[in-house]
Every structure is written in structure tokens, then in C-alpha cells.
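Undergrad: Take this structure first; my questions come after.
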Amino acid sequence: MSQVPQDAIELLLQRQSNPFLEQPAPNRDDLDKILSAAMRVPDHGGLAPWHFTVIENGGLDKLSDILVGAAEAKNAEEAKIAKAKKMPYRAPMIIVISTRFIEHKVPEQEQLIAAGCAAHAMQMAAFALGYGAMWRTGEFSYNPQVKEALNIKLIDQIVGFLYVGTESKALPAKPVKPYQDFVSYFE
């Protein structure tokens, strides 16, 4: 497992995705903590407009078949189909974060942001527990065939595929952009 900062601020300041993930995946106690962290995010109206689909073991095989089918339906080239087949095996666990939009005065955009916060909270919880994680999207996040196969309504959105496991390779710290380039003060 990776070296875990003991301070919450240090954890946030050192956050870095790692695509090199292997077994073990989070055990049930750790998974409970990861999923519970998602339930603490800012959520205007208390709508909980999200759903999490945990995929591991044989579910990874099923997801592989789903992605291959979606690629074939788009008449993808063989190389793209072969890549789609391998995608689920980049980690021993994937948590699919999707919206569950609710007809409400809280706009869908805010509900989508809340679901994104849930994805981020789960990634940070995984890091805090010593796991590596990688939040991915890509064209399959927007594919209606993939949504349907994962029981996600077409009106809802896949916010991301959160790949979770044990880091198999340490990465050098990536350069940090100075926040000063992105801030203005209105006085």
C-alpha cells in the first residue's frame, strides 16, 4: 500500500491518481468506509442524486463484454475493440458513479456536481485507506448501450469509473500548478 499522509490537508495536497493498480482491492470494511465517505458530500436539497455500482471479480468479465459489445456496435476497429476488452482489468475493483436525477427545484447541474463530489470523496477515502485510485471517463461514459447494460437510465449520466486497488508502481509527484494563476480577489 502507498504511504498515507496522516494529516487531511497533506492528503489533499498530495492527491495524485495512479493507473497502476492490482490486488488486493478494498476489503468489505474499507469499501464501507469509501462508500460512506460519498454520503457526506455537499448535496443541495439532500437529494443524494447518485448511484454507485461496485464491480469486481466476475463483474469485471461482464463489464468487458459490455464494452466490447458497445465498441462493436459502433463498428470500431479491432485495436479499439481489443482495448475495450482489457479496460476493466486495469484494477481489481471499479466503482461506477452515476447520477440519479430527481425532478426538483435543485437543477440537474447541481445534482451532477454533487455526484462528482461523491466520486471525489470516494477517491480521497481510498487514498486515506492506503489504496490507489484512478477516476476515468472516456467515450463509454456517454454510451447509451453501456448505460443500459449497467441499469443506468438514459437521462442519467455516468460521472466516472473509479478504478480502485493497491498501487503496483509508485509514481513521481506530478508538477503542481500554482493556484495564483487561477484566482482573483473581488474586494
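Glycine is treated like the rest: Cβ placed from N, Cα and C.
Just so it is clear, the model here is predicted, and its values are computed rather than measured.
Checked TrEMBL, it gives:
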BINDING   Arg15, Gln16, Ser17, Arg40, His44, Trp135, Arg136, Thr137  FMN binding site
DOMAIN    19-165  domain 'Nitroreductase'
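Tell me about the surroundings of these features in the structure.
TA: For Thr137 (FMN binding site), the count of additional Cβ atoms within 10 Å of its Cβ stands at 12 [all protein chains shown].
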Undergrad: Restricting to the chain of Gln16 (FMN binding site) and a gap of 6 or more, list residues whose Cβ falls under 8 Å of its Cβ, or answer none.
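TA: Set apart from Gln16 (FMN binding site) by at least 6 residues yet with Cβ under 8 Å, we have Leu171, Ala173, Lys174.
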Undergrad: Rounded to a whole angstrom, what is the largest C-alpha distance between any two of the residues Arg15, Gln16, Ser17, Arg40, His44, Trp135, Arg136, Thr137 that the record assigns to FMN?
TA: 28
